[in-house]
Amino acid sequence: MFAPRPGLLKTGLAGLNKVAYLTNLPEEGKGTWNHVKDSQELYDYIILGGGSAGCVLAARLAEDPKVKVLVLEAGYTDDIPTSKMPAVYLLTVDSPTDWQFVTTPQVHAGNRVMKQPRGKALGGTSAMNAMIYHRGPASDFDEWANLGNPGWSYEDVLPYFKKSEGFNDPDLPSSHPRGPQTSRVRKPVYETHDPKYHNTEGPWQVSYHHLFGSSEGFIRANIAEGILLNKDFNGESTLGVNRFQTFIQRDAVRSSLARAFLKPKGVVPGGGPRGIIRVVYGANIQRILTQTRKGAKMAYGAEFLDDKNVLRRVAAQREVLVCSGAFGSPHLLLASGIGPSPLPSIPHIHALRGVGANLADHLGVGVVFRARDRCHTVQQDLAYRRVLTSLLNYGVRGVGGLTSQIGESANFVRLEDFAPEFVAREKANGTYQERSSGPDAPHIEVIFAPFYVRKHGTVMAPDGKMYYTLLALLLNPCSTGTITIQPKKTGKKNSSKSPTADGERNNTIPEMETVINPNYFSDSFDARVMAESIKFMRKLGRRMNEDPEMGGREVFPGEKQVPSDDDKALEKYVREAAETYYHPTSTCRMGPASDPLSVVDSRLNVYGIDRLRVVDASVMPKIPAGHTCSPSVMIAEKAADMIRQDWAESISAVSSKL
């Protein structure tokens, strides 16, 4: 989500990234398209997108030794310093590992064109995000089931959350096989967990790592305000305050989903007791190939441009699995003629109103405070004069600020707990909207960032002093948006609607680009809630100012400029300053056939198209009141089981007829 961008560190790591790309040893089973070899292979499953869900799905499906899986990924490896080193992840924004999406002008948010960072590398956004391991409240998943999706209640999905997780118990000694591999300083009070909600044997490492002193100060201030310390955000309840669990390995390297699921030897390319996985880098997927057999529409393959910009086609013997995320998955369906209505130059294959609808996201808005000089913040570890020391501490001992994912602590709270007058007023006016899934689900999350944060970390502090920022996230937005597509303005064109020979180019259909309109603040209730969150953050800031180790003088936006007693000014600031916090969902919504905006059923099959599923955050019926990486992994884990079950039943049914 956020990280410091000191120029020296940024320039140095960008250079190291280039060196890594050039010097990384080739990994068997991963690489750009090799036409002579790859065109001869037959695959059971084609996974469109090697992001968070795609990596998990590929690894799980290939547990069957008879299966061959092809993963098409537009990016390349995530084995680069800015992805592996936790604290510097925002340096991936606007880099080759970022899709560099932007929104349309947001008419309710200052008419701004807003950044939408998404990971363009194996592992997807898990290769560039803030590494926060948070599932969301249990009632959110019960709500998914109640919306007409059997099998998706919290009781149903908890085993899949646990299946992927390799929780590193902080109480284990370094001599233990899963004990710490660094000499980090323990913070036992804030490193509690409830074992019944966790698994220690999964491939995705979850752990506690660095904790800045100011992050502890934030927790103390919340407790002083009456907010309870939560033993485990992923346990019985998500309400309260504490530090986050993170997907960082025991050696202080990011545990991206590529590193967790597709890095281990024997998984890629596989073989022997496992199935085969082939990962193709630089694959710019153009469309899903469909056909009609005996009156039934079905997917049979995909068309993509390889790293040399040559058109290629691949076929799946079983299913095409779309794992391109909340932006990419609806884009691919629309580009394949599956969507609400015909698009120019694209044959309309199947009408499905919900494709690209229901886009939801978490907006965040910040308040920046000047801390006391002795306050332990990022500036102390990552200032220019300390960069070399920090790099050595990280590389040699696995400790220090570079091991932090920066957004270390947070609270999850309900409106009635911090703004009861606002709730009463809205209810009296008939304008209150209860969007949470239940009384134990939060409305707002406040993340503590121990440095100066504005505009995705691109606006630097004005001096070398100590700062911290409170960031409030709107967890249950009322506003929803859309994903559509349009011809790229570069004028590039690719494959036609009619079959052509593999490797040829036809110029009748333009290459398409994604049009993202989140429609932020189109429902004014969202802006009013976020205005109340500013008042709450200022209250926490005053409490931290009483702490001799913290301090807390607001420097941005400033109470004189945006007074707390002026709701209009607060709403104006919110509309002009809020940014995405990188959780887009629900653009291929899961739901019953009776829901006209549902795109997939409860087994993630696309309505009306056989042998085609969507498996990623786009299928979420409603955005969770938390972070979305872990739920996306859960969806992929569950999908893998459903796919195996469905094909086992299909094969059994065929065998019984013989």
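Quick reminder: no glycine exception, Cβ is built from N, Cα and C everywhere.
A TrEMBL annotation is a machine prediction, not a hand-curated record.
Feature annotation from TrEMBL assigns FAD binding site to T125.
The Cβ of Y581 (substrate binding site) has 25 other Cβ atoms within 10 Å, all protein chains considered. According to TrEMBL, the substrate binding site annotation covers Y581.
Mean pLDDT for the domain 'Glucose-methanol-choline oxidoreductase N-terminal' (119-142) in this predicted model: 98. Among the features that TrEMBL reports, domain 'Glucose-methanol-choline oxidoreductase N-terminal' is placed at 119-142 (among others).
The annotation domain 'Glucose-methanol-choline oxidoreductase N-terminal' is assigned in TrEMBL to 325-339 (among others).
The annotation region 'Disordered' is assigned in TrEMBL to 168-187 (among others). Listed by sequence, the residues of this chain that lie at least six past the ends of the region 'Disordered' (168-187) yet keep a Cβ under 8 A from its Cβ atoms are 193, 200, 205-211, 216, 243, 249-252, 397-399, 403.
The annotation region 'Disordered' is assigned in TrEMBL to 484-508 (among others).
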Cβ neighbour count within 10 Å of T125 (FAD binding site): 28
Inter-residue C-alpha distance, Y581 (substrate binding site) and T125 (FAD binding site) (nearest angstrom): 12
Cβ contacts under 8 Å made by the domain 'Glucose-methanol-choline oxidoreductase N-terminal' (119-142) with residues that lie 6+ beyond its boundaries: 1-2, 30, 49-55, 73-78, 82-83, 86, 89, 92-93, 96-99, 152-154, 156-157, 161, 165, 206, 233-234, 237-239, 244-248, 254-259, 262, 279, 281, 325, 405-407, 436-438, 440-442, 582, 622, 624-627, 629-631, 634
